Amino acid sequence: MAAVAAECDVIMAAPEGPGLLGGEEETRREAESFKEQGNAYYAKKDYNEAYNYYTKAIDACPNNASYYGNRAATLMMLGKFREALGDAQQSVRLDDTFVRGHLREGKCHLSLGNAMAASRCFQRVLELDLSNPQAQQELKNASAVLEYERIAEIDFEKRDFRKVVFCMDRALEFAPACHRFKILKAECLALLGRYPEAQSVASDILRMDSTNADALYVRGLCLYYEDCIEKAVQFFIQALRMAPDHEKACLACRNAKALKAKKEDGNKAFKEGNYKLAYELYTEALGIDPNNIKTNAKLYCNRGTVNSKLRKLEEAIDDCTNAIKLDDTYIKAYLRRAQCYMDTEQYEDAVRDYEKVYQTEKTKEHKQFLKNAQVELKKSKRKDYYKILGVDKNASEDEIKKAYRKRALMHHPDRHSGASAEIQKEEEKKFKEVGEAFTILSDPKKKARYDSGQDLEEDGMNMADFDANNIFKAFFGGPGGFSFEASGPGNFFFQFG
């Protein structure tokens, strides 16, 4: 505490004239005795007892400026600046030349965040005592607070909330009892997603003043941004009861109710299978309040689920990505996006998401998801024999044989003997791949190993030494079983024996 509150006044009451009544003289002496006892307790830092004795002195002699000044100093030491302000103001009303009274009034104004009023008090001190060092320093402090307020106001409009928090922290060093600065800091902490810190500041104020509308608003804002919308609305309503014209609480309450209603309507439409309507409702909800990060993350994920149901998988991936950008701990969004990656055969991305999920929550289910994705990734790096033959993964044995017949004849080297060397080489490669595919998919055991993602070469199959011609001959019945004959330039037909 500044020196102005560090010592009490020891001004003696002015001696009265010879006509002073005996009772008044006794009262004056009694008041002085109370003041001296108050001074003793003040020196011992027993401020509560000091306060009691200064009050007794004031009750005995209510027109003595120093008594009010001393009690103001005591209240300042107890952190009761608003009550101290009243005593300091009374002291200078009784004696406008009371320097300590003006200093204490200024210090109380500054501690409560009223830097303009504080400046006027310190300037009055300098009028009475031009070289007063404490007044000179406190005037600089008041100017600093005014500057921090100015910068904070500009930065709040720019949405530079970190800068506002910095300015308020600096201002609170000079104005520790200013609820207005604390509320602005708490609001910015909430907007930065630092909810526990914001709640702590608001709760501290509410413990001192349970009807503080600004603190109720900030408490509700924290709950609102943590997606506890129903509880948030209760705080906003309570704030509006205390201050019906509280614009921020009114806007936040309206947004919270609208967001809750749209989200619930979207959920209802989704459960009823009306995915188009659910998409529209979630989109409308996302436009209500861009600052509500947690709720919007859930809305993006919900809309991603809708898009996956509509088979708009790339849009679903984008929605889940937006959800993760807002909340990088949102497991559900990672799982949804990973499934969409699996469905679009983007296995590396799927593995990355499942790894993130498993690192966060090591459950058996998440471990299996990761394992499945890793298997599919491994399979994707091999030749896709189903694709080479042009058949579905559930194709029957007959469908596989028909597909092989068609593709083998299509890419047989003899059919392209008149083509350029480059085309012959490409067709020979495709002919070999068709033979490989048929060899694997026509054998139930090999097919099962291939489908499960096992490395076929580890099982003794060296596909590099594979001879597609032998498979072709065996399939078509050996030499003489077929021939390629030209029916015109560049045209062939197949003849079987």
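Cβ coordinates come from backbone N, Cα and C, glycine included.
Unlike curated records, TrEMBL annotations are generated automatically.
Annotated domain 'J' per TrEMBL: 384-454, in sequence order. The repeat 'TPR' feature in TrEMBL is assigned to 31-64, 213-246, 259-292, 297-330, 331-364.
Under DSSP, the residues of the repeat 'TPR' (331-364) split into helix, strand and coil as follows: 28 helix, 0 strand, 6 coil. If you look at the repeat 'TPR' (259-292), the same-chain residues 6 or more away from its ends with a CB under 8 A from one of its CBs are 191, 224-225, 227, 229-230, 233, 298-300, 302-303, 305-307, 309-310.
DSSP places the residues of the repeat 'TPR' (259-292) in helix, strand and coil in these numbers: 25 helix, 0 strand, 9 coil. If you look at the repeat 'TPR' (213-246), the same-chain residues 6 or more away from its ends with a CB under 8 A from one of its CBs are 179-180, 183, 186-187, 190-191, 193, 195, 198-199, 201-203, 205-206, 252-253, 255-257, 259-260, 291-295, 298.
Averaged across the repeat 'TPR' (331-364), pLDDT for the predicted model comes to 96.
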